[in-house]
């Protein structure tokens with residue numbers, strides 16, 4: 001009777017068997033040939049097999065599984081859709097495809113056109129990837145190539161706007177966000193701010209060092225300002241200077257797009273930041289157009305280096321490293337004072353007092369000859385630098401107010417930032433509403 005009951009319960013055609021019974025040697029019957037039912041094999045809650053599956057000992061420590069971090073990288077809606085809607089600015093995969101497409105076309109052009117033409121035409125995609133308009137060197141030295149400006153520079157600039165869109169999003173989501181989460185920053189608002197400042201450290205460190213390197217090979221080395229004007233016009237640029245100048249212009253164009261499109265949450269000084277970007281582009285465009293790239297390199301360097309220390313200070317603030325933050329903030333004030341104010345005043349003094357060092361033959365407005373230095377251009381150069389200095393004074397006031405509050409017992413806090421904590425509270429409220 002018992003044997004028939006077990007045969008009925010554990011028949012191989014039954015869908016209620018779990019192989020855990022195969023190891024139960026305490027039973028008088030050999031169950032190994034019978035316990036092959038697929039349902040019991042996968043159903044630990046079954047009334048027969050479930051209780052016999054090995055359980056966690058009662059005194060075992062409970063291991064909580066860490067929740068995987070959510071990947072916040074913007075998702076592509078399709079390549080064509082990303083292009084037509086402008087989502088390539090925020091979707092790194094879309095901007096990467098845009099970057100690789102001209103590279104692919106240029107490589108194919110250089111490989112296959114020699115097979116068709118005896119004298120193949122130049123690649124139409126080359127101006128996107130390389131600087132244009134080589135020109136004879138003033139020293140007639142083939143190892144000292146030079147370049148002039150031209151309309152195809154706008155194509156190179158536009159391509160690098162896409163490049164910086166990709167770099168920004170990649171650095172934010174693949175480098176800065178994982179670092180922030182490693183140090184315990186989880187709130188969306190602080191993650192965004194940490195990422196923005198991490199990208200600022202990445203960019204300004206690279207271009208600040210590059211600007212110093214370029215200046216070290218120029219007669220204007222460390223703000224020898226009289227060479228801003230001597231031997232004007234400076235239209236025969238070294239390839240490194242031209243590439244540096246156009247990539248800087250691309251960055252500021254891309255940053256203006258970021259501000260106006262709302263990719264970064266507006267700060268309290270949003271209007272001042274927009275004004276700063278517009279004045280910077282005004283200064284960059286005019287200095288490049290009227291062959292004053294030497295003073296442009298000096299202005300860039302004076303702006304980039306203090307921005308590195310500003311971003312480092314803010315990153316340390318988000319990490320709550322109070323002691324390190326105080327030290328770095330004091331260093332930052334010194335760097336900002338020297339570069340953003342002292343050197344800026346040096347350049348303003350040079351525009352006002354050394355403008356007459358321009359050769360007499362170049363003191364005329366003749367774009368066809370590459371000379372633009374009519375008398376009124378002195379104020380066209382002076383004005384944007386002065387406006388930048390005024391904006392810097394506004395931020396300088398905020399910096400000293402932060403320092404004063406710290407000395408009087410308050411913690412360091414960026415006066416320009418909106419309250420991230422309030423943003424985080426709003427985020428928590430939204431989550432609670434969704435749960436309810």
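Backbone N, Cα and C define each Cβ position, glycine as well.
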Which one of these stretches, 68-93, 120-145, 198-223, shows up in TrEMBL as transmembrane segment? 198-223
Per TrEMBL, the range holding transmembrane segment, considering 301-326, 327-352: 327-352
Look up transmembrane segment in TrEMBL and report which of 154-177, 226-249, 250-273 it refers to. 154-177
Transmembrane segment per TrEMBL: which of the ranges 98-117, 178-197 is that? 98-117
Which is it, of 387-411, 412-436, that TrEMBL names as region 'Disordered'? 412-436
Taking only the residues in the domain 'TLC' (189-408), give me the average pLDDT of this model. 93
